[in-house]
Structures are given as C-alpha cells and as structure tokens.
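Features reported for this protein in TrEMBL:
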type	residues	note
ACT_SITE	B:Cys91	active site, nucleophile
ACT_SITE	B:His200	active site
ACT_SITE	B:Glu202	active site
Amino acid sequence: MGRVVVEVMPKPEILDPQGKAVVGALPRLGFTQFTGVRQGKRFELEVDGEVTPEILEQARKAAEEVLSNPVIEDVVAVIDASEGAAAAPAQSAGLA
Amino acid sequence: MGRLNSARIGVVTFPGTLDDRDAARAVRLAGGEPVALWHADADLRGVDAVVLPGGFSYGDYLRAGAISRFAPAMSSVVDAARGGMPVLGICNGFQVLTEAHLLPGSMIKNDHLHFVCREQTLVVANANTAWTNEFATGQRITIPLKNQDGQFVADDATLDRLEGEGRVAFRYDGWNPNGSRRDIAGITNEKGNVVGLMPHPEHAVEPGFGPAGADGPHAGTDGLAFFRSVLASLVGA
C-alpha cells in the first residue's frame with residue numbers, strides 16, 4: 001500500500017490565530033524558547049499499490065484544488081511516504 | 001404583483017446546515033415562496049433565486065464550506081449564478097460561495113479565537129445589489145452575528161479592487177467582531193446578483209424574535225429587506 005503525504009500551511013502573510021494562541025500558551029508550560037508557532041495541516045492519501053509519478057501528479061492536483069484554498073493557504077509538500085520510499089521528499093509542489 | 005407573490009426562492013440544505021428553516025420562513029414573511037433544495041440533488045426546481053443558509057455544513061471539515069462546494073446542488077447554483085440568478089450566502093453560505101469562487105476572499109478563524117454571538121450593527125455600503133436594493137447606501141442596520149470562522153481575508157489587491165468597484169456590500173459598524181480586513185462584513189460580485197455576508201438577516205424578520213430595534217428589544221426586522229430586495233429585483237428583471 002502506498003501513501004502520499006500532503007502538507008498545507010497558512011500563507012505567511014495571513015495571520016494564523018491558532019498558531020498565535022499556541023505560542024502564547026507554550027511559555028506558561030515552561031517552554032520559553034519558542035518565539036513563533038504556525039499551525040498547518042497534514043493529509044495522508046492512501047493508494048493500492050505503489051505511488052507512481054501519475055499518482056503523485058494527481059495528489060498535487062488534489063492538494064491544489066481541494067485540500068488547500070490558495071487564498072489563505074500554500075501547499076508546502078507533496079511527498080511519497082510509502083514504506084521503503086526514499087526518506088528525502090520525492091517531489092514537492094506549490095513552493096512557487 | 002403576481003410575479004412578486006409567486007417568486008420562488010430556493011433554500012439549500014447541506015448535511016450540517018442549521019438555518020434553512022429560518023431562511024425559508026424569512027422568504028415567506030417577505031412575500032416569496034420558499035422552495036426546499038437538497039445538496040445531493042442538482043435540480044434547482046425552477047427557482048428564481050437561491051439562499052445558501054448558515055450552519056456547519058459537513059462539520060466545517062477541511063475548511064468551512066470546502067466540501068459543500070462539490071455538492072451536485074452547488075454545480076447548478078454556480079451555473080445559475082454565472083447566468084445572473086440572485087444568490088445569497090449567509091455565514092456558512094458565504095463561506096461556500098468563496099470556496100466555489102463565486103465571491104473572492106476567504107474566511108479564517110476569528111482573530112480572538114472565540115465563537116461570537118451578538119446583535120451586530122452594519123453599514124450598508126452598496127444598496128444596488130439584488131439583495132440590498134431596499135436599503136439606502138450608508139444606512140445602519142442591526143442583525144444577529146454568530147460564528148467562529150468569520151474573519152474575512154483577501155490580499156490587498158483584491159481588497160482594493162472590491163472597494164474600488166463598490167463591491168463591499170456591508171461593513172461592521174462600531175466594533176469589528178472578528179478581525180475582518182477593512183471591517184468587511186459582506187461583499188457582492190461584479191453583477192450584483194451574488195451577495196455573501198457573515199451576519200444573519202434571516203434571524204431578524206419578525207417582531208418579538210429579532211435583535212433590538214427602534215420599537216424596543218427583539219423588535220428589529222432589518223433582515224426582511226434582504227428578502228424583499230430580491231423579490232423587487234425579480235419583478236424588475
């Protein structure tokens with residue numbers, strides 16, 4: 001079974017209210033080193049069989065058209081995360 | 001008047017929609033005939049206009065309005081809206097309209113992170129749309145506001161264009177309840193047939209059950225004019 005991981009983050013220029021709340025809470029729990037937090041989303045898309053270039057391409061399309069909203073979010077990674085896949089990202093998308 | 005009395009206004013129900021009954025009631029109180037539409041049915045049943053009501057369609061999963069956009073009913077609504085049919089998106093319905101690209105921008109979590117529920121005063125910024133023509137530009141109205149993901153955002157170029165083209169329909173008056181860019185509470189498309197706003201006109205249509213009004217607590221019926229506006233625009237069409 002193959003798996004593609006898609007990561008989506010709020011755009012840098014969009015204030016991330018959730019991240020802001022988290023960074024405010026961290027020092028209260030003793031974590032004083034962290035000056036900023038941004039909260040995003042990770043999707044795991046499963047497929048029967050292996051992750052082919054075509055499947056990665058479809059995942060990229062789904063990431064751009066459904067999993068993210070380009071007005072407020074960027075797709076920061078589309079990665080073959082199948083067992084045995086290279087540890088390095090096979091392909092990234094949406095980095096432009 | 002015949003046309004006015006027989007105008008059929010569709011109200012779409014998605015899984016998780018909350019305010020479809022109130023929207024249908026508002027249509028009836030304004031003098032129209034509400035028609036229940038179902039998200040899974042692409043047939044708009046010959047309606048003259050459509051309301052996308054508030055709620056938490058699909059539990060707001062993924063993003064508010066993101067999954068509803070792909071409902072069969074929405075494909076028909078998008079086609080009809082592009083053809084000029086009046087469409088009003090209220091709260092979650094506004095979020096659906098942005099996800100469907102009928103209106104620009106998007107909504108993110110309120111800047112203070114809390115759910116907000118209050119009687120909200122708005123300034124009418126454009127009284128020439130299908131849903132606002134019974135108002136006067138600059139008029140102050142009060143209708144309920146209730147949401148968690150109500151912060152309207154768009155890039156500066158989009159905001160400049162909206163303001164330059166007079167497409168800001170409503171602004172928050174006095175206090176911005178969610179951090180929306182430039183105090184924007186509602187916007188319209190270029191033709192003025194599609195309007196989306198976060199506050200809820202359908203909850204301010206009947207004396208005794210609305211927000212505060214000139215005649216006392218719960219007397220406000222400022223929301224009625226939205227639905228009377230669309231009936232008037234259909235007569236004029």
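Keep in mind that glycine also has a Cβ here, set from the backbone N, Cα and C atoms.
Predicted automatically and left uncurated, TrEMBL annotations should be read as such.
Locations of recorded TrEMBL features on the structure.
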| residue | record | Cβ neighbours (10 Å) |
| --- | --- | --- |
| B:Cys91 | active site, nucleophile | 29 |
| B:His200 | active site | 25 |
| B:Glu202 | active site | 29 |
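Geometry remark: B:His200 (active site) versus the residue listed as 'active site, nucleophile', CA distance 7 Å.
Between B:Glu202 (active site) and B:Cys91 (active site, nucleophile), the C-alpha separation comes to 11 Å.
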